[in-house]
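A.B. asks: Sharing a structure here in structure tokens format.
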Amino acid sequence: MPFNSDAKRLFGTTDLYQILQLNGSKSKRKDYSETDIKKAFFKLSLQFHPDRCDDETKKIQATAKFQILNQAYAVLSDKQKRAVYDETGIADGVEVCGDDVDWRDIWKLIFKEVTEKDIENFIQKFRESGEERDAVKEAYIKCDGDMGKILHDVIGVTYEDEERLHKMICDMIESGELEATQKFVAEPEKKKARRRRAAKREAEEAMKMLKETQRSEGTTDLIAAIQNRQRKNLASFDQFCDSLAAKSEQEVPVCYQTSILALVFSIGYWRMDKFGYFVELSSIDLCEERSCSLFSKSWLQNLDEKKFMLVAEIDTLLRKREELNKKIWMQGKETYRMEEKFQRIDSLVRDRLPLAEMRKDLPFIYFITPTYRRPTQKADLVRLAQTLAYVPNLYWIVVEDANNTSPFITEILERYRIKFAHLYALTPPKKKPNETDPNWKIARGIVQRNKALMWLRRNLDRSKRGVVYFGDDDNTYDWRLFDEMRSIERVGVWPVGLVGGLIVETAVLSEGNNVSFNSLWKPDRPFPVDMAAFAVNLSLALNANASFTYDVPRGYQESHFLTSLGLTRNDLELKADGCTKVYVWHTRTERTVLSQRERLKFLRGTLNGVESDAVY
């Protein structure tokens, strides 16, 4: 058939470039490379391949189109023929392929088979030509020095090449070609180890997939197995076609034999790799079929379905691999973010070390706590210890209302590593309140506070810098309270929450800098404050005349102690932002109501096991 008439009828043009859908001006056509022409032909040949048509009429038309495509490619792929065509526009003189052409053989002539040696030669040439160095430099700039991404971007490298590429980048940094980045120079060793483990795991998975595709003949190279079978089939192909034709009741057309030829060797799924070659991913050997059903339309449909299912499965696996790689990358990114956060925290800790040195010079706080035996005693002391453990330069003086010290209190003091003095002083029996008496009826802790003052005067001198504070074991304290009291020169006061029938009991600075008090209970006292509302300078507390006594009216213990130090209201220093902030609360623990049996066990000291651990 004349080429021009068929091309005009089938493609609407006789222009070889337009037939291959290489559109453009005549000047631009000269820029099309052999690779561009190959890609265009391959794309259209898949579209118009006769074997993809079930209908006989469509198959005839597809065969004619495929022949026109082959003729167009035969001209444009040959340099001399292409030059003549570009110069004259003549193509009728080219030989046309007939119906007996093996299209798969034509494809093999056009697209070179890629072997492992070809890939190795390409990579070797890529490295020796200096292209790899340029690619590494470009990837370094693009990825901001992230070594994991560099290994992913550069062609032909694995984790085994990491040390070589790292040295190459270091040389370029030393020569001034590249600038050092934080990601490159400070990459954590853990990140490198994760990258190596991931690469080894991926290699093991690839080897596992290769083993799963092994043929019954035992070869581990899928491509080699396909080629081996093709060579055996070629030797007996004529005899095989004769036997198939003999079994068929109808004569097999030559063009159909050509289609069978393409199928008998193998049906493959092709893709273009990153080197520009077309690679066969899978193959189904058909040479073992021995039935006339080979030529049936249903068999071809089943074959196409299996082929497309295989293609879809491969695509699914590739997508899953991409998703897994993305997840791995995200996990690496999150790990890197956590490492950066850890470094920032580590830096903050180092920055705070000088602050710890400064705290050594802070005045000491001598925190005096009277305590007595009760079911909630241990719970109150543990809660208070967890607050005081975070206060620097604090000396906790715990005085028990007992004949000796209790081991469980000593254990609490030692466990929280607070500097402490553990003392005891027994309250006279006549001065102890009954269990049914309200808390305010008889003052508690007088003997114990005096014992602590005696300890201070025996062990300290007035050159020691510090303050003395009387803190009950069931109150609630804000850390800021301790920062406030360190700067006291004589006596400091602050508000106390939930005391004396008020939400807040506090000192108030009135006109003329006179100090008055917001107190509901006996506001005419010299110092109408709670024991938790003041602290005194250590030098004043060491005065031998200052003490607490039972000889004053109820509620006058604080006033008696402060006046015995020679203090007046004019000496008061209003802390906590001018007595506008509450840093301590009078939160007395609720009295525990035990059953008669449990109460007797507690009083007799016969608790054991977990019961004993709750209170002792």
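Numbers here mean position along the shown chain, with the first residue as 1.
In case you wondered, yes, glycine gets a Cβ from its N, Cα and C as well.
Curation does not apply to TrEMBL; its annotations are automatic.
Since the structure is predicted, the reported quantities are computational estimates derived from the model, not experimental observations.
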A.B. asks: For the UDP-alpha-D-glucuronate site, TrEMBL lists PRO370, THR371, TYR372, ARG444, ARG449, ASP472, ASP473, ASP474, HIS586, THR587, ARG588; sort out which one of ASP401, ASP524, ASP551 goes with them.
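C.D. replies: Among the candidates, TrEMBL records only ASP401 at this UDP-alpha-D-glucuronate site.
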A.B. asks: When you look at PRO370, THR371, TYR372, ASP401, ARG444, ARG449, ASP472, ASP473, ASP474, HIS586, THR587, ARG588, which the record names as binding UDP-alpha-D-glucuronate, what is the longest CA to CA distance in angstrom?
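C.D. replies: Of all Cα pairs among the recorded UDP-alpha-D-glucuronate binders, the widest measures 21 Å.
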A.B. asks: Near ASP474 (UDP-alpha-D-glucuronate binding site), which residues of its chain come within a Cβ-Cβ distance under 8 Å, counting only those 6 or more away in sequence?
C.D. replies: THR376, ASP380, LEU384, THR587, ARG588, THR589
A.B. asks: Could you pull the average pLDDT for the domain 'J' (15-89)?
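C.D. replies: Over the domain 'J' (15-89), the predicted model scores a mean pLDDT of 81.
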A.B. asks: Among all protein chains shown, how many Cβ atoms are found within 10 Å of the Cβ of GLU558 (active site, proton donor/acceptor), not counting that one?
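C.D. replies: Neighbour count, Cβ to Cβ under the 10 Å cut-off: 21.
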A.B. asks: What Cα-Cα separation, expressed in whole Å, is found between TYR372 (UDP-alpha-D-glucuronate binding site) and GLU558 (active site, proton donor/acceptor)?
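C.D. replies: For TYR372 (UDP-alpha-D-glucuronate binding site) versus GLU558 (active site, proton donor/acceptor), the Cα atoms are 20 Å apart.
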